[in-house]
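Colleague: Would you mind keeping the following structure in view while I ask a few things?
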Amino acid sequence: MCHRSPGRSLRPPSPLLLLLPLLLQPPWAAGAASQSDPTGVHCATAYWSPESKKVEIKTVLDKNGDAYGYYNDSIKTTGWGILEIRAGYGSQVLSNEIIMFLAGYLEGYLTALHMYDHFTNLYPQLIKNPSIVKKVQDFMEKQEMWTRQNIKAQKDDPFWRHTGYVVTQLDGLYLGAQKRASEEKIKPMTMFQIQFLNAVGDLLDLIPSLSPTKSSSMMKFKIWEMGHCSALIKVLPGFENIYFAHSSWYTYAAMLRIYKHWDFNIKDKYTLSKRLSFSSYPGFLESLDDFYILSSGLILLQTTNSVYNKTLLKQVVPKTLLAWQRVRVANMMAEGGKEWAQIFSKHNSGTYNNQYMVLDLKKVTINRSLDKGTLYIVEQIPTYVEYSDQTNVLRKGYWASYNIPFHKTIYNWSGYPLLVHKLGLDYSYDLAPRAKIFRRDQGNVTDMASMKYIMRYNNYKEDPYSKGDPCSTICCREDLNGASPSPGGCYDTKVADIFLASQYKAYAISGPTVQDGLPPFNWNRFNETLHRGMPEVFDFNFVTMKPILS
């Protein structure tokens, strides 16, 4: 049953190209009192008045409304919240910009309290030195203004028009969260805080680029701190099925999760994906992980590649599009992997430097063939994006991704050869621990259960390739590091196959792995790390994720 509360109106500025100033108020000043969002299913519908340019929210599920959906706040019981929103399917015809604005507005309204919790948890993980805040704000302000200027100046360009859709959705998110805050009588989040959340992945590279260190010990590097992940695409020997999965690695402070289903009725001949399901977080208009199922037939997975060549980070400038923005635009516009890569390559910010796996299920004929273009691998570093068709590799059985660049140029320019020379083969593409484990064990994947198993695998005490390191394996548990435990590592897994993807369906589990007798993670050992809104103990099962409104 939906929780109901009185709906009120809020008059927003024009949603398209809304020049919202970056508020320079310190993020920690936005009201520290903890708010409790009652668990359960919260429904809401947004109505747009063209005459008054007002949004009205009613806490009902009205399929004739301009945007409608629900938020199932089940984080404490399953590890996941579930958000589903449909926009543009109501009784009145709306512009694409208004549809995107209302979709963002409704999401902000439904998830505002967890958005603030998530910001509170992540901010100290990224901002270690308060002196960097002004530099980050200045960069983001310049980047935002440049982006909005290009959207306004190039309305007939499909790329910039779709960038405008994404920016308009962010404007809606901000104002919807603001409305919810007014109802709850709490201080609203600033636009900077919401931009900060969406740019978390980009900030992993942006902050070091703004505060370069003269020297640092490579031995102090913790692999999970940069948002590293494990991903696997597995094809059965007779092409009977194709499985794909992703396990996220980052600080456990990021374990406030929402799985999202969006269906936006955008009428633009260049929009090839109007509907998507993906793993995400409160306040994020992207996955971050990444794990997307798109209505274009594309699947997008991603793992992060660190850039150890610090001179490359000097090339990061604000007159670019952040990675999260380019991913969203490419997801909306691309029909295939090559086109996705070409769109994503435009205006490369050089931040959140990743390996993207673009799997085109339209190219797969079960029991028969994987056509050319089934799998594109896309990798980014500052000033350069490289992509290639790696379907031939996939035909041999699998593609694994584990935070080491595949393309030789990216590998070399990022500084990995020096890392191998200094620290050993654990940083080589072929002989990293996860490369060896995936190569050894991928043949055991024959069904969904075995795919889940390999992606939660951590037998660090016994596996010779782990050598006793709880992070030299598929699903890292740095909190089990006997010498220096830290609350970070692998904290989820999402798994699907070609048949499930046709229904936008996946299986997802939240929390560090407990497979083969590992103890559940408990925050009582790391209470100094902020974890507002989370369960104290993570010991959940896989949850079936599937949209129910359409």
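Even glycines carry a Cβ here, placed using N, Cα and C.
According to Swiss-Prot, the record shows the following:
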| type | residues | note |
| --- | --- | --- |
| SIGNAL | 1-39 | signal peptide |
| CARBOHYD | N72 | N-linked glycosylation site |
| CARBOHYD | N309 | N-linked glycosylation site |
| CARBOHYD | N309 | N-linked glycosylation site |
| CARBOHYD | N367 | N-linked glycosylation site |
| CARBOHYD | N367 | N-linked glycosylation site |
| CARBOHYD | N412 | N-linked glycosylation site |
| CARBOHYD | N412 | N-linked glycosylation site |
| DISULFID | C471-C476 | disulfide bond |
| DISULFID | C475-C490 | disulfide bond |
| CARBOHYD | N527 | N-linked glycosylation site |
| CARBOHYD | N527 | N-linked glycosylation site |
Colleague: Quick one: pull the CA-CA distance for N309 (N-linked glycosylation site) versus C490 (disulfide bond), whole Å only.
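Modeller: If we compare the Cα positions of N309 (N-linked glycosylation site) and C490 (disulfide bond), the gap is 26 Å.
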Colleague: Please report the Cα separation of N367 (N-linked glycosylation site) and C475 (disulfide bond) in Å, rounded to an integer.
Modeller: 31
Colleague: Counting only other Cβ atoms and using a 10 Å cut-off, which of the glycosylation sites N72, N309 scores lowest?
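Modeller: Looking at the glycosylation sites N72, N309, the Cβ with the fewest others within 10 Å is that of N309.
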Colleague: Among all the protein chains here, how many other CB atoms are within 10 A of the CB of C475 (disulfide bond)?
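Modeller: A 10 Å sphere around the Cβ of C475 (disulfide bond) contains 27 other Cβ atoms.
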Colleague: Give the distance between the Cα atoms of N527 (N-linked glycosylation site) and C471 (disulfide bond), rounded to the nearest whole Å.
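Modeller: With the alpha carbons as reference points, the distance is 22 Å.
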Colleague: For N412 (N-linked glycosylation site) and N72 (N-linked glycosylation site), determine the Cα separation and express it in whole Å.
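Modeller: Here the two Cα atoms are 45 Å apart.
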Colleague: Counting other CB atoms within 10 A of each CB, which of the disulfide-bonded residues C471, C490 comes out lowest?
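Modeller: It is C471 that, of the disulfide-bonded residues C471, C490, has the fewest other Cβ atoms within 10 Å.
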Colleague: Using all protein chains shown, find which of the recorded positions N367, N412, C476, N527 scores highest when you count other CB atoms within 10 A of its CB.
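Modeller: When each Cβ's neighbours within 10 Å are tallied, C476 leads.
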